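Dropping a structure here in structure tokens format, bear with me for questions.
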Amino acid sequence: MQQPLIILGIGIVLALVSNVESGVLRKPVDEHEYEKWTNARGNEAAVPPPKYKMLRYAKKAINEPENRKMSCLFCTFAVDGVQALIAQNSTDNEIAAFLVNLCDLFDVEQPHVCKNIIYAFKDEVVFVLERSVFTPEEICGAFIANCGHSDKPLTHMWNITIPGGKPPIKPWPKIPDNKPTFKVLHLSDIHIDHQYVVGTEAYCQLDSALGTYAMCCRDYSQDSQGAPTNLKDKPIYVPAGPWGMPYLCDLPYQTFESAMKHISKTFKDLDYIIITGDFEAHDSWDYTEDLTRENMNNMTNVFLEYFPGVPVYVSIGNHEGVPQDAMAPHTMPEYDTRGPQWLYKIMSEMWSHWIPQEALDTVQYRASYAVYPKPGLKLISLNTIYCSEFNFYLYVNEVDPDATLEWLIEELQDSENKGELVHIISHIPPGDNYCLKGWSWNFFEIVKRYENTIAQMFYGHTHYDQFMVYYDMDDPNRRPFHFNWISPSLTTYDWLNPAYRIYEIDGGYEGATYTVKDAKTYFANVTEANMKNKEPEWVLSYDTREHYQMADFSPQSWSDLSDKLWTNTTLFRDYVRLYYRNHYNNECYTDYKCRYTFVCDIKKGRSYDESFCDHLTK
């Protein structure tokens, strides 16, 4: 997520709704009353109405140490500055141009990015603001820590009815010896960049005065119209290699193809593949429906070519949306023109190679589905973009978009009644603060209710190699009752080596547990491949059970591991190394706040709740 850019898009909240605030018409403010009005709203200093004074104010503010955090500065400046423009009765185009010029002036991004990111989110955010009750200040506070007044949009709570009658809790099943197992490939966050150019700047933040460029390893020497830019004659600090770069760069196509060739030759006995979302590159300012359709079609053909006869089960990612994360539910006014039905239709067409028509019908409605990859095992692909904080359509009505959690409960209840076990694959881990609080907390309760039925859960989105434990806070011992596998990304974005995971799962016989028996993570050192000018060598990074000396993969074992990470510096250092796939040297091993962040992320089974971490003390 390129947060500074998205915040600029959010700046459109005020930029293009002119006289709308909190869903009611706002009376224009006279120029002579402007300073008194802005100071009354708690601003340290009023922004003078004339446009060029605003830009000088912004430049001064940027150079003050306390305002180095660009996300907050640009969000709050957009709020105050645009309010001043509104007071001058500026047109929508003038206001949009102000934001584009602001982005250009301070070198926040490439010129075409500055323009496109604002117009990409314009219609969605304007539409939502006109129908919501949140002020711009609440929105700034919601998305940026210590900025604005509130995080209310992200922490709105609502409840879904969960059936009672929970069966007695079963202990985590023990996998018997000498029973059949099967192999599953887990890919996530592939993010292929078809505009990756060898030799371009991989460390492009150095070309930005504020270090905010979000997408490197591309040719920015000319703009989208072919005119030369101010980067045309700049020296290259870190040239992009042919096999990808562990910087803010997505994956070159040939590295993706290298991974597919390696996996298909090495693992000829895959039973199926799970992909937990995100095929598109991180250039969200250039997303179009046609480009998404083309990319998804190409990706489907690749898997059909390299893995013929192997089912592929996919969950939708936030980067599949156009704009990014934009997936309006059916309750949204003007759904016919704003809904993602075009995307869901594409997915149903592509996925028809691997899932039956009954499941495709559900895909076309809510981009979720249920299939049976093995007898007695139901696999549920769950659309968690309905909990994304950047799916702005949800701020009109956050309550269970497209009744997806209600549908999930029905599927789980049906499986409980039949004695089936369930795997859930999805994109956004519900414990991540990217997931809205109301959705996350309801999902947490669903997992607790159906903990006997849900055998495993698999996620992506973060790009990191990590895990997440669910704790029963009603239990005096904080019983760990479930956990998430979170797969490392295939993309190198950002500061990572590409990776994938192979699971060996107990199953294929009567009474199987359908839990993971072993998990092995593989990666490629792209820096080494570039230096040798040879195709990457895909090698075993680690065997999870062996590396962490785990007796099993029960929630208790994962909880025990997280406790050891808190107390054992050597183990924690190793965890961080694997987290970044042997690339990033994070020097936070003895820093309390840094270690707290890593370990608390493990222990948070639901978003916006650090009560799970209150025992982590110095």
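The count begins at 1 with the first shown residue.
The backbone N, Cα and C atoms fix where each Cβ goes, glycine too.
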Please state which member of H194, H353, H423, H427 Swiss-Prot lists alongside D278, N318, H461 for binding Zn(2+) 2.
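So, going by the record in Swiss-Prot, that would be H427.
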Going by the Zn(2+) 1 site in Swiss-Prot, where D189, H191, D278 are listed, which of the candidates H112, H330, H463, H482 is also part of it?
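The record-listed residue among the candidates is H463.
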Choosing among C147, C249, which residue does Swiss-Prot name as bonded to C217 by a disulfide?
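That record, Swiss-Prot, gives the partner as C249.
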Quick one: Swiss-Prot says C216 makes a disulfide with which of C147, C204?
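Checking Swiss-Prot, the candidate bonded to C216 through a disulfide is C204.
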Looking only at C594, C600, which is named in Swiss-Prot as the disulfide mate of C588?
C594
Name the cysteine that pairs with C600 in a disulphide bond per Swiss-Prot, restricting the answer to C435, C613.
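According to Swiss-Prot, the disulfide partner of C600 among C435, C613 is C613.
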Let me know the most crowded of the glycosylation sites, choosing from N159, N525, N568 and counting other Cβ atoms within 10 Å.
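Sorting the candidates by Cβ neighbours within 10 Å, the top entry is N525.
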With an 8 Å cut-off on Cβ-Cβ distance and a minimum sequence separation of at least 6, pull the same-chain contacts of H191 (Zn(2+) 1 binding site), or say none.
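H191 (Zn(2+) 1 binding site) has long-range Cβ partners D250, L251, D278, F279, E280, A281, H282, H319, S489, L490, T491, Y493.
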How big is the gap, in Å, between the Cα of H463 (Zn(2+) 1 binding site) and that of C204 (disulfide bond), rounded to a whole number?
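That comes out at 21 Å between the alpha carbons.
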For a quick check of packing: other C-beta atoms within 10 Å of the C-beta of C435 (disulfide bond), how many?
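A 10 Å sphere around the Cβ of C435 (disulfide bond) contains 26 other Cβ atoms.
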What count of other C-beta atoms do you get within 10 angstroms of the C-beta of C600 (disulfide bond), across all chains shown?
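Taking every protein chain into account, the count is 17.
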Test of understanding: give the count of other CB atoms lying within 10 angstroms of the CB of D278 (Zn(2+) 1 binding site).
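I get 25 for this one.
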Using C-alpha atoms only, work out the spacing between C103 (disulfide bond) and C588 (disulfide bond) and round it to an integer in Å.
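With distance taken Cα to Cα, C588 (disulfide bond) is 33 Å from C103 (disulfide bond).
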Tell me, if you would, which residue among C103, C204, C217, C594 (disulfide-bonded residues) has the fewest other CB atoms within 10 Å in the structure shown?
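Fewest other Cβ atoms within 10 Å, among the disulfide-bonded residues C103, C204, C217, C594, is found for C594.
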Looking only at DSSP and grouping its letters into three states, which state does C435 (disulfide bond) belong to?
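Note: C435 (disulfide bond) is in a strand by DSSP.
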